[in-house]
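Participant: Input: one structure, supplied below.
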Amino acid sequence: MERLCGDEPFWEHNRTFYADVPDLTECFQLSVLSWTPCIYLWLISPLYLFYLKRNNKGYIMMSLLNRVKTVFGFILWIVCWTDLFASFYEMKEKDIPLIYFITPLIVGMTMLLATFIIQFERLRGVQSSGVLFIFWTLSVLCAIVPFRSKIIHASTKGEIKDTLRFTTFYMYFGLTLAELILSCFNEKPPLFSSVVTDPNPCPESTAGFLSRLTFWWFTSLAIKGYKNPLETKDLWSLNKQDCSDTVVPELLREWEVEKSKAKSTEQDVNGQVVYSRAGKEANHVEVSPEEVEVLLSDRKKSHQPSFLRALLRAFGPYFLIGSAFKLLQDLITFINPQLLRMLIEFTKEERVPSWWGFSLAFLMFCCALLQTLILHQHFQYCFVTGMRLRSAIIGAIYRKSLVITNEAKRSSTVGEVVNLMSVDAQRFMDLTTFLNMLWSSPLQIILALFFLWQTLGPSVLAGVAVMILLIPLNAVIAMKTRTYQVEQMQYKDARIKLMNEILNGMKVLKLYAWEVSFKEKVLQIRQKELNVLRKTAYLSALSTMAWTSAPFLVALTTFAVYVTVDKENVLDAEKAFVSLSLFNILRFPLNMLPQVISSLAQASVSLRRVQEFLSHDELNPDNVDRKPAPSDYAVTVVNGKFSWLKKDSPTLQNINVLVPQGSLLAVVGHVGCGKSSLVSALLGEMEKLEGHISIRGSVAYVPQQAWIQNATLRDNILFGKPYVEQKYRCVLEACALTPDLEVLPGGDQTEIGEKGINLSGGQRQRVSLARALYSEADVYLLDDPLSAVDAHVAKHIFDNVIGPEGALRGKTRILVTHGISFLPQVDNIMVLVDGMVSEMGSYQDLLKQNGAFADFLRNYSLEDIIEDAEVTEVLMDEEELFPDDALSNHTDMVDNEPAVNEARRQFMRQMSVMSNDVENPKTKSIRRRRCSERRHGDQQQEKKEAKGEKLIQAETTETGRVKFKVYWEYAKVVGPLLSIFICFLYASQSAAAIGANIWLSQWTNDARNNTIAHEKVHMRVGVYAALGITQGLLILANCFLCRAYSMLKAAHTTHLNVLHAVLRAPQAFFEATPSGRVLNRFSKDVDTIDTLIPENIDIWMRTFWYTVNVLLVCSALTPMFLIVIVPLMMFYWWVQRFYVATSRQLKRLESVSRSPIYSHFSESITGTSVIRAYGRNSAFVLMSDMKVDENQKSYYPGIVSNRWLGVRIEFIGNCIVLFAALFAVIGKESLNPSLVGLSVSYALQVTMSLNWMVRMTSDLESNIVAVERVKEYSETPPEAPWEVEDKKPPGDWPSEGNVEFVDYSVRYRAGLDLVLRNISLKVKGGEKIGIVGRTGAGKSSMTLCLFRLLEAAGGEITIDGVKIKEIGLHDLRSKLTIIPQEPVLFSGSLRMNLDPFEKYSDDDLWNALTLSHLHKFVSNQPAKLDLECSEGGENLSVGQRQLVCLARALLRKTRILILDEATAAIDLETDDLIQSTIRTQFEDCTIFTIAHRLNTIMDYTRVLVLDKGQVAEFDTPVNLITQKGIFYGMAKDAGLA
């Protein structure tokens, strides 16, 4: 030391600590203080330079700022070395200590290094450097001490002894300070960076170091959000490294690596097994196949590719940075209790200089501040990792779902896969935030125990024992809660599933008057759900009590043991409050551990599920040989044998097909003979067991059930191809879509709802066909596209698209069809029987062979098959066929949701400009013009462009503050008095807590007098315990009252009201509201009211009272504190207002942008075969990525807003700590140590509760909206009453079945045109009436009026003399029977589907099944009548579902039957069965049939022809044909006249 420092000592204790004006020795200043920043920079620069070398962001032009920094760096180096040379110079005269050489040398070198880093960063595109910022800060901080002491020396001595060094030091200080200030500013962004090109870049990428540390860059958004509610356009773009196109490939790369590893090990293993088996056989040891199987399965288990490893490799490194911050924060946490101990010691001592106290107060503040900044950096890293994980997992699952086999699809339904995306990806995201607690909790616990032991000795073990006992309690509660949660989820799922079916089948429920039965079913499930919720609430009350009382119990046992074990042990303030603050630190990790573990368990389940899904088999792209090769045949199948699942028996076998280029092949056969499977096999969707398929050229595919995207009509047709006006017009014309565009409100810019909801079945099918036609492929696979449209439209399409004269002539076409009329015009016909080709050839050949095909024809021979002569006739100008005033000539008559469509059409007719006088549909005759004629500047097009009307109004997101009214609504449901009492309980619970702590500070005061302390011990312990236990009991009572009783009552009432309102809503409500939106109220919003709101209110109340406590205690002890509280609370209120406004809106935006991800996904999954057939995989993947990124765009600012808030609120908390300590130091004379301990240890806790309070305010505001949303639906205006007591019809009504319409008119909704106008007609009991007319003529409306789904606008209907508008709806509807067009089944047993009220005996049911030809099918099922129908009856074929509806009708057997004839997807066979049953069983009933196939009504009593909502013709079929009117035209079309 002598050589280093010379005569000066290195360290003087008294001079530093006990002087009134403290100072450090010069040698210490020159060595330790000068070297600290240098050591930091030299240690960190190798790592930092390596990092810069790896990450190049482009280079920054030399700017003024950069030049100044560099020049200052050089000057600093010169200044330091001036000192060095001065020392060499002085060596000649006197002996100079070494330190004067070493320090300038080191500091000078460091300054050169810093200057080099400044330039290197510029070349690497770093805009703001954290490393240098910290270096300059350290340099300035370390230079402050010499700065002060040099001035003190000079002023005491009155002269400067070393002028040169004095001058150079102040130059050095000034320059470092200047460098520090300069390093706060930002450089310009690097050249060619994305920031320049992006319209709305995220300011984070260009933010400076300080701005990132405090999240200052977010402030602009917070201000924007406070001024006006945020919208999507205000959000920043995602950072490049968080986008799906960066994150997903990264994960998939690692996953591929894992899969290939697993494959190679598996091959090795297989090799070994085979080898060992051979060995055994050689030794003639019997080896059973099972053994080998076992061997294999054991090995297999170990070699599944590990998704976890892939995740770790992709996202681990980034996450570890966050973990490093966490470690640092954990260590800093324990400094404050030590400082508190010193502070309390300081207040005890008399003669300590007061600067001690002030420096302790500031040290506490700095520590807390540092802790805040570090903690939020850690959170930021964790959350961003979580966000990337979610993006990556969703992306991986989406990409996988487009290529999995059918077998895999069956094992995971759409719902399950959507769950993988929503729930499981979310779980990973949630886990990343806690994951560090796994190692951090034990670390914190160990450190806390170590310091506690130092304070209280072995008695700590008593407290620890209590904690350890609480862990299993918490764990048991957590386990139980988990099982209850699972149970509640199951009930919730069941309830939602049922609600979904109710909403989808609402019309059927109304028609059958089944609402009550289903309402009961929902309420039964709901009751079970509420019972589980109640149990959960009891558990959570216990756990809340345990978690709130834990620190108290621990403190109580520890202190009690401490004072009773040994007479010498006295509890003084220092021991008590330091231990308390340590116990408070302990509370967090102890509470978190069980949570993290359960969260881990959940995530591991999710991990397994995701891994299983990603390991599914993929479709083999080589199933179909697509290589172009010269060949006369476009499609060849040789010895094809196909099944849907590998293990199934083959669905198709011995398939040999050769389709010549450009020919048209028709595939016919009975239902279920494998026609659609053949098409799937050609697309490569089936498992190819043997054989060879090749297809030359591109493929277009029209599936049987049209797949329509939620996009505009035009986008559905273009399907990613560029728009060519001429071609597009031709396609619309050929597919008979032009007239439909006239009716749609926005023309081809009309947005189509999900699954094509606002198009009729026929329109959907034609759009699907138009898509194929537009794609200009080489091979067309058409799976029954003509069944969903009616006769004349089918004809038009065949002639203009598919047939020998159509737009596709010259292309290869394979057409699956039920329509016999077209068969004479096809090149070849293939007849399938039970999955085998029974015969194949041209129409004439097959007729001659007199085989299966001839039978097929005989069965279905329509009076006479259209002859060629007639075909030519139809091609004449179509005007004769269609009267001028038919609104939409080519739209089909077959509507599968007649009511909905008519309603829409009326509604659209109103919206579209067509109803103006400019272009009256009557005067506009629609001629068929050839494409070339069509003027492309059609005015209609421009007119439509302007009006891109949306059918379904966008869901309104609330904006702005939540009204007080909403809270009041909730309080009213809970009960206003009860609400006030609950608040009072919270206040008293927190009063008990204050009491206990004040008592503790009194107790520690006894320490000054030992004798008193011993006498009072028992009383002190007793009262302390009593106060604590009171607090615990109050909490328990409160939770029971609040969560288990009142909040559940609220949940029950709100759900009941909304359910009742929805079931009583009129049909029009369901047409205007998408079912998803109503379902969302029942799932998300009801769930929020069930679980989230009670939790939010509970935590909010607790934190609110806690914060009030802290402020009260601090102000009571040091009244000066009140001066500070006012500005701090103002700042708090201000930050909170900014935050809540912004974060609430961000949450709303996030939830609005989340559903498109899942809806697009479920849409894609249902259309995978179409997407693959057209080769659009990558486009859809891009769309999905875009939707995920859109969602993350609002999620990311949401995370940052929490960090932004945290830093600011914790700053307020840190200020409270600072002032509590400062005032304690100032008022040292008047305060005793125990009160100082009380106020500061309270203040240390406040940060946490302030933070929580703002969060909870925000959460509560976001969640309470649920109450508002549910309430909105519970106030839906209801339809007429179900039963009218004084107007009940007689029990046997209607006995005759006479129906009379008197001057009857009806409209769909107020303000729309009439659908039926002044209809008057009489039908006698037992008459059979057929109703026909074109689409939109009002056929379905007639039936809906009988059931009063539509209420009369004028006139009335009477049935057997009773006016139907006077009786209750259920009385009316239960006495009529309808067989609807679309058969709707509900999930549940077959028995429930036939007879939900359980009115009939089993014999009745079997009898009905026999008559409806289902007896054989049902009796073959093992479950018989309890056969489970899946959702929507998916496990029955469409024909069977239709027969179940017939059985329902047979059971009810009322005098009046309405038949809405089903056309789509039903083969003629089933149709005939239904017709014959109706003719025999309902012989004496009045029947109304809406007919699409005229041959079914040719033998009816009378036929009613509707046109434009009026009776056009009404007479017997024979008379109508002789009149040559509208009916004649239709009959001629169908070949019946």
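Placed from the backbone N, Cα and C atoms, the Cβ positions cover glycine too.
The compositional bias 'Basic residues' annotation in TrEMBL covers 924-933. The feature compositional bias 'Basic and acidic residues' is assigned by TrEMBL to 934-950. TrEMBL lists 320-602, 980-1262 with the feature domain 'ABC transmembrane type-1'. Residues annotated as domain 'ABC transporter' in TrEMBL: 635-859, 1299-1533. TrEMBL lists 917-950 with the feature region 'Disordered'. Summarising the annotation, TrEMBL assigns transmembrane segment to 32-52, 64-86, 98-118, 130-149, 169-185, 355-375, 434-453, 459-479, 536-563, 1110-1135, 1211-1228, 1234-1254 (among others).
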Participant: Do any residues of this chain, six or more beyond the ends of the transmembrane segment (1234-1254), have a C-beta under 8 angstroms from a C-beta of it, and if so which?
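Facilitator: Long-range Cβ neighbours of the transmembrane segment (1234-1254): 336, 340, 343-344, 347, 364, 368, 372, 572-574, 576-578, 580-581, 584, 997-998, 1000-1002, 1004-1005, 1099-1100, 1103-1104, 1106-1107, 1109-1110, 1113-1114, 1117-1118, 1132, 1135-1136, 1139-1140, 1205-1206, 1209-1210, 1212-1214, 1216-1217, 1220-1221, 1224.
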Participant: Is the count of Cβ pairs under 8 Å between the transmembrane segment (64-86) and the transmembrane segment (536-563), pairs 6 or more apart in sequence, 3 or more?
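Facilitator: Answer no, regions not in contact.
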Participant: If we skip the immediate neighbours and take only residues 6+ beyond the ends of the transmembrane segment (459-479), which ones have a Cβ under 8 Å from one of its Cβ atoms?
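Facilitator: Residues 449, 452-453, 539-540, 542-543, 546-547, 550, 553-555, 557-558, 560-562, 565, 569, 583, 586, 590-591, 593-595, 597-598.
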Participant: Between the transmembrane segment (434-453) and the transmembrane segment (32-52), are there three or more CB pairs that fall under 8 A, provided the residues in each pair are separated by 6 or more in sequence?
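Facilitator: Result for the transmembrane segment (32-52) with the transmembrane segment (434-453) is no.
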Participant: Considering only the recorded stretches 98-118, 434-453, 536-563, 1211-1228, state which has the highest number of Cβ pairs under 8 Å to the transmembrane segment (130-149).
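Facilitator: Highest pair count goes to 98-118.
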Participant: Is the transmembrane segment (355-375) close to the transmembrane segment (1211-1228), in the sense of at least 3 CB pairs under 8 angstroms with a sequence gap of 6 or more?
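Facilitator: The answer is yes, given that the two segments have at least 3 Cβ pairs within the 8 Å cut-off.
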Participant: So what's near the transmembrane segment (355-375) in sequence-distant terms, Cβ-Cβ under 8 Å and 6+ beyond its ends?
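Facilitator: Same-chain contacts beyond the ends: 20, 22, 213-214, 325-326, 328-329, 332-333, 335-336, 339-340, 342-343, 346-347, 1206-1207, 1210-1211, 1213-1215, 1217-1218, 1221-1222, 1224-1225, 1228, 1240, 1244, 1247.
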Participant: So which of 320-602, 635-859, 980-1262 has the most C-beta pairs under 8 Å when paired with the domain 'ABC transporter' (1299-1533)?
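Facilitator: Comparing 320-602, 635-859, 980-1262 against the domain 'ABC transporter' (1299-1533), the winner is 320-602.
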Participant: So what pLDDT does the domain 'ABC transporter' (635-859) average out to?
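Facilitator: Averaged over the domain 'ABC transporter' (635-859), per-residue pLDDT gives 85.
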